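Notes follow once the structure below has been shown.
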There are 2 protein chains.
Amino acid sequence: MSIPRIASLQQQSISEPPPPPLYIITPTYRRPEQLAELTRLGYTLKHVVNLYWLVIEDAEEPTPQVTKLLQKINVPFSHLVAQMPAKYRKNKVKPRGVSNRNRGLEWIRANASDGVLYFADDDNTYDVEIFDEMRYTKKVSMWPVGLITKFGVSSPIVKNGTVVGFYDGWIGGRKYPVDMASFSVSVRFLLSRPNASMPYKPGYEEDGFLKSLSPLKLTEIELLASNCTEILVWHTQSKKNPNAMSLDMGKYNNTNLVHLRNILV
Amino acid sequence: MSIPRIASLQQQSISEPPPPPLYIITPTYRRPEQLAELTRLGYTLKHVVNLYWLVIEDAEEPTPQVTKLLQKINVPFSHLVAQMPAKYRKNKVKPRGVSNRNRGLEWIRANASDGVLYFADDDNTYDVEIFDEMRYTKKVSMWPVGLITKFGVSSPIVKNGTVVGFYDGWIGGRKYPVDMASFSVSVRFLLSRPNASMPYKPGYEEDGFLKSLSPLKLTEIELLASNCTEILVWHTQSKKNPNAMSLDMGKYNNTNLVHLRNILV
């Protein structure tokens, strides 16, 4: 049985100009699933050219195991930290990821002048096609996200090529009832809105950020994924795992388990 | 800000002989998460050279959307089906994936003569390093799996370079208390055991299959992941999603939602 050799997904000749850069903002935090989630997201992003990965931990210091993993995966990255302000940490429903994403926006304002930004949580699933589509966003692009709420999908409602509303299991009085994974923003457009940021308001993070980009007409939203008829992003969620049990060191001294224990959260 | 262009992960000159082939057996079944899971697994496998992906559905016919996805990801594949025998389908705890994996073994016996086989469920997470390590398996290789049971890891216990036992949250009288994702088998070794197969016995699938490969001494097991001190595979599990609600066709006629409805399970 002979198996064809696999060519790289993205091959470009040296003479072609590179496409506009993509800035992928991934908020993350220490938990048993963290390294696994970043691993599979990293391998997806590695198929995309001219991409810069901003991995931003809600932590005091960057976790060394995360830095090591990012170096190993070898997608161009910056590993930053941004802690949730103390006053929100006592909340029952925490505004998770907001400090991280605002830190990402700050980095982009300081370092980027063109291209496109996207908030990509570490537990979602992405078809690489969406990255090549979002790359040419002029202001704000949108598309459907699968596996979310009782409807099974969240999407702009599109009629004759324009947004006429939003289909989402929870509207909650939002102007933009969309998921974090459903839109990209051009860097130039962000820079033209110096006050745009994400509010610390659970459930209203996307809506608040998109409103902070106003004025933005619904008719200006660029529709991707074949006019929102395809699902190229899924809101997958991993089952939470408990922290690992502590190891009986007397029993397992001088075995490999001592090394494994040091890796576990 | 200039971003380095990304080179392909695996580049080999044409003159180098290809490494031994890897046969990856992935059992799957129709559910809302299926396309997402296969997407991210496929993008991981796409980084590995000389790999053949056997995607085997527990279904009467191959699902067209799965075939389309496999063609799009473009890892060399066969899309097969193998239904769970009717007598097991009424069981409270079903022997899920067994008919699929036995179908994969049958395919390998008919089509392969060398290389290595591995059972890779679609919801796990794999560091690509494990594929390059398992490729040189002589009989059976083993390594730790993270995020499993209350211990947070399942692993052979290794002392002075040999297996002295198994660390797993559930032993259950098994000779090999290991996870499906924790071992690979050489094709030549499988072919030397013409009766080896997986039993329809929930919880004892791995143990039954490994026993069916006997004789196999614990000292013959090849230890990967730096003598089982690293975690390169995680038993991630996705949260189950309900099937999507049916769409009010009167209300959303003539919109993109009609197309999205046809994609949802």
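Backbone N, Cα and C atoms are what each Cβ position is placed from, and that goes for glycine too.
Worth saying up front: this structure is predicted, and the values here are computed from it rather than measured.
Positions annotated as region 'Disordered' by TrEMBL: B:1-21.
Annotation comment: TrEMBL describes B:Asp123 as Mn(2+) binding site. Within the same chain, residues at least 6 positions away in sequence whose Cβ sits under 8 Å from that of B:Asp123 (Mn(2+) binding site) are B:Glu33, B:Glu37, B:Thr236, B:Gln237, B:Ser238.
The local packing around B:Glu206 (active site, proton donor/acceptor), expressed as other Cβ atoms within 10 Å of its Cβ over all shown chains, amounts to 19. In the three-state DSSP scheme, B:Glu206 (active site, proton donor/acceptor) is classed as helix. Residues or ranges marked as active site, proton donor/acceptor by TrEMBL: B:Glu206.
DSSP classifies B:Asn227 (N-linked glycosylation site) as helix under the three-state reduction. Neighbour count (other Cβ atoms within 10 Å of the Cβ, all protein chains): 15 for B:Asn227 (N-linked glycosylation site). For B:Asn227, the entry in TrEMBL reads N-linked glycosylation site.
Geometry remark: B:Glu206 (active site, proton donor/acceptor) versus B:Asn227 (N-linked glycosylation site), CA distance 21 Å. Applying an under-8 Å Cβ distance to chain A, the recorded positions B:Asp123, B:Glu206, B:Asn227 reduce to B:Asn227.
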